[in-house]
Amino acid sequence: MKKNQFLKESDVTAESVFFMKRRQVLKALGISATALSLPHAAHADLLSWFKGNDRPPAPAGKALEFSKPAAWQNNLPLTPADKVSGYNNFYEFGLDKADPAANAGSLKTDPWTLKISGEVAKPLTLDHDDLTRRFPLEERIYRMRCVEAWSMVVPWIGFPLHKLLALAEPTSNAKYVAFETIYAPEQMPGQQDRFIGGGLKYPYVEGLRLDEAMHPLTLMTVGVYGKALPPQNGAPVRLIVPWKYGFKGIKSIVSIKLTRERPPTTWNLAAPDEYGFYANVNPYVDHPRWSQATERFIGSGGILDVQRQPTLLFNGYADQVASLYRGLDLRENF
């Protein structure tokens, strides 16, 4: 596998200071413009009003043992850990970027069960310890590109999904892989209340073609910055597919099911004209309401210092993954 294409130092996200454009979609789903314009403090008050204000802080992640394959290491300064953990989309905990960090401490991640089922010869069930002990862990420094046209560079820790799927032995009927987030409305206020969760249908679901899932880049991620994932980043296990937009990176996974037919995916169900099944990073295919030709790397000085640079096809991983889509019209299959 080829080594990562190097980024400039200015490419690394340093601060969370820009606006959510998907709010227009949420308004179409019935969430009021007034609610969407509320500042974070007001969102916090609303969460308290719906759920009470005694939310525990997220526990500190434990240190993990992992290797650092040379192909995925470089000397770039990384997005600061507090920005990666403090600036998230995880609508189960609220719409504001700061809501997941503020509210995800209520998520219980141990014990945990992850089931692999469907078109497999050997269905599997993994517990919390299996996620960090059954497979050798490695750190991979990946670009992360949000569909909202911002990006980060993050040192994820995990294991290739293909290793897990190989244990389950997909049958010849398996063509797709369906993923599902935990459904726990008593712990996730956005699942309990349509207002808080943006009107999406829960549990959150995602999917990949089997060949995408089996690609060496596709990572079952259990840690970041040397420690177990914090709840707001998708603990205890999430998906990272670095050549796709971030909403494909489903968090807090409890089910992986291999299927014959293409599975439904949450954002495609919510707005099929805006969020496709493939969701490959592509500067030549714009979102209906904004350009994807460039992306924002957010500097420490605030929104006026945000630097914009060209978006890379497949988020810079074209050499590794373009062959998966040979002959596929990427405009029609966005």
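Placement of Cβ uses the backbone N, Cα and C atoms for every residue, glycine included.
Going by what Swiss-Prot states, the Mo-molybdopterin site holds Asn88, Tyr91, Glu92, Cys146, Asn233, Arg238, Gly249, Ile250, Lys251, and the candidate of Thr171, Thr181, Thr294 recorded there is Thr181. There are 29 other Cβ atoms within 10 Å of the Cβ belonging to Glu92 (Mo-molybdopterin binding site).
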